[in-house]
Amino acid sequence: MEGEQQQQQQQSVAAVRPSLGKAPSPSFRLRNGSLNAVRLRRVFDLFDRNGDGEITVDELAQALDALGLEADRAGLAATVGAHVPDGAAGLRFEDFESLHRALGDALFGSLDVPEDGGGGGGGDEEMKEAFKVFDVDGDGFISASELQEVLKKLGMPEAGSLANVREMICNVDRDSDGRVDFGEFKCMMQGITVFGA
């Protein structure tokens, strides 16, 4: 029975990649080294919109949509369903952890990051792509209101107060102009990668 369930989970995970409406941005890769249990729990809590301790297919689809990863509902239902225990309405945290481990490269591509940065400056291209997600108006800077808008889309509680968002900006704003330029963003992201690993 357990071997059959594992095979079903593997097949459903393999079906996810073609069900995505577009290829996931490399900027949103889940990197095993930097996504520990505490961070995964925070992601789970964000995706669990109604706070009932389970993530339904609808809640997961809404979260993926907010990240720009439109997924086919049928494929998503099959993948999630393979990890939902009998009698449960959705993924509990331990099921979500199992799904996260199973998805690995199937959904987000290779998780290996070459030590030289990927050759040809690919790391900078990924960083620029991530920066563009936050630089909503395309002016080359991330303002507090732009950051707040993205945080709202992601359902993050930090988005509730513009003063808190401004404080977040101040923490990385080296030239004190009240906004984050690409260099400041890059330093911040490299710090997250180093300290989060």
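Glycine too: its Cβ is placed from the backbone N, Cα and C atoms.
Pulled from Swiss-Prot, these are the features on record:
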- 1-28: region 'Disordered' (REGION)
- 1-11: compositional bias 'Low complexity' (COMPBIAS)
- 35-70: domain 'EF-hand 1' (DOMAIN)
- 122-157: domain 'EF-hand 2' (DOMAIN)
- ASP135, ASP137, ASP139, GLU146: Ca(2+) 2 binding site (BINDING)
- 160-195: domain 'EF-hand 3' (DOMAIN)
- ASP173, ASP175, ASP177, ARG179, GLU184: Ca(2+) 3 binding site (BINDING)
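The structure, with features from Swiss-Prot marked on it.
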residue: ASP135; record: Ca(2+) 2 binding site; Cβ contacts under 8 Å, 6 or more apart: PHE141, ILE142, GLU146
residue: ASP137; record: Ca(2+) 2 binding site; Cβ contacts under 8 Å, 6 or more apart: GLU146
residue: ASP139; record: Ca(2+) 2 binding site; Cβ contacts under 8 Å, 6 or more apart: none
residue: ASP173; record: Ca(2+) 3 binding site; Cβ contacts under 8 Å, 6 or more apart: ARG179, VAL180, GLU184
residue: ASP175; record: Ca(2+) 3 binding site; Cβ contacts under 8 Å, 6 or more apart: ASP181, GLU184
residue: ASP177; record: Ca(2+) 3 binding site; Cβ contacts under 8 Å, 6 or more apart: none
(request) Using all protein chains in view, find how many other C-beta atoms are within 10 Å of the C-beta of GLU146 (Ca(2+) 2 binding site). (result) 20
(message) Can you name every residue in this chain, apart from ASP135, ASP137, ASP139, GLU146, with its Cβ inside 8 Å of the center of the Cβ atoms of the recorded Ca(2+) 2 site?
(response) PHE134, VAL136, GLY138, GLY140, PHE141, ILE142, SER143
(message) Beyond the listed site residues ASP173, ASP175, ASP177, ARG179, GLU184, identify every same-chain residue whose Cβ lies within 8 Å of the center of their Cβ atoms for the Ca(2+) 3 site.
(response) PHE141, ILE169, VAL172, ARG174, SER176, GLY178, VAL180, ASP181
